[in-house]
Amino acid sequence: ASGVIKCKAAVAWEAGKPLSIEEIEVAPPKAHEVRVKIIATAVCHTDAYTLSGADPEGSFPVILGHEGAGIVESVGEGVTKFKPGDTVIPLYIPQCGECKFCLNPKTNLCQKIRVTQGKGVMPDGTSRFTCKGKQVLHFMGTSTFSEYTVVADISLTKINASAPLDKVCLLGCGVSTGYGAALNTAKVEPGSTCAVFGLGGVGLAVIMGCKVAGASRIIGIDLNKDKFAKAKEFGATECISPADFKKPIQEVLIEMTDGGVDYSFECIGNVGVMRAALEACHKGWGVSVIVGVAAAGQEIATRPFQLVTGRTWKGTAFGGWKSVESVPKLVDEYMSKKMKVDEFVTHTLPFEQINEAFELMHAGKSIRSVLKF
């Protein structure tokens, strides 16, 4: 591997402050690490959640970002699966292929580097980023808000070199998460009725997954009616706003669907909505999947009777996809027009306008903003 690289990055110096575009130093990759030139990255609510200071695992200063795509610049010692020039997507859930999680077909939650990743450092306990003489932390094992980043070789997957990186970067998180929540976690069946709470990027991806699975009714639920048209483009058969009803939304859905939905999905991260989503499920077989990440310290509640009478409450991370093996297949599905990705991108901005991308997201004006270096 070559030496230190100086490049642009968006540094989060402290919680609650805008990101700052800085020149940083990126050290060469150590053993089993890869240095990647990021070509495009998108902004996700998880980045904003950590930046806000609400994330108990959040530490500063840090380089955020976990939806990106790029090209391998150099590889560290012992790296066999990548070479300079490979087209890649960094993965916030790795796949080592060896831990008991990777060996179990029921989960995608590889734990090999979980502890160090949570602390914002590489597996050897140190960072590859410095700025103005200070160490800057990594984020989710990816740190895509930098022109160059260093990732563990298990946190990376090689994809079709002809894929447009300013689109497929979304497969690093939101689109894959929602799509897999429907296909892998819920395992939606043909002819079923689904309810999707929250019509942001992840909610739209859930709708897309439900449609691919053959659901006959897909009900979108959001307070913001501006989101309804897009939801219908993705496959929602009807959309409702809780603000239009006096009674709780779960009661409305139970009436609309003759007893409740077969599958519901919470794509917001609000524990009150999680309860409504469960209680909107049909007695005897309804399944509710939690996709949204709730704030620290929040707890879910319902009456045990809801579960005793045959409803199931589940959660999902990254759509249940085993990352290294699945993301290249998702890219191929997109390339063969089997799944939508372009339609999620509402704004494309130069990297320097990253704070504007956060503002668009907070204002509900964007689904996904993609930043290009």
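Easy rule for this one: first residue shown is 1, then count along the chain.
Cβ coordinates are placed from backbone N, Cα and C, and glycine is handled just like the others.
Among the candidates Cys131, Cys169, Cys173, Cys194, the one that Swiss-Prot lists alongside Cys44, His66 as binding Zn(2+) 1 is Cys173. Cys99 (Zn(2+) 2 binding site) has a Cβ environment of 17 other Cβ atoms inside 10 Å.
Cys173 (Zn(2+) 1 binding site) is 22 Å away from Cys99 (Zn(2+) 2 binding site) when you measure Cα to Cα. Highest Cβ count within 10 Å among the recorded positions His66, Arg114: His66. Within 8 Å of the Cβ centroid of the Zn(2+) 1 site, not counting the listed residues Cys44, His66, Cys173, the chain contributes Ala42, Thr46, Asp47, Gly65, Glu67, Tyr92, Met140, Thr142, Gly172, Gly174. Note: the Cα of Cys96 (Zn(2+) 2 binding site) and the Cα of Cys173 (Zn(2+) 1 binding site) are spaced 18 Å from each other. A straight line from the CA of Arg114 (site 'Important for FDH activity and activation by fatty acids') to the CA of Cys44 (Zn(2+) 1 binding site) spans 21 Å. Same-chain residues with CB within 8 A of the center of the Cys96, Cys99, Cys102, Cys110 CB atoms, the Zn(2+) 2 site residues themselves not counted, are Pro94, Gln95, Gly97, Glu98, Lys100, Phe101, Leu103, Gln111, Lys112, Ile154.
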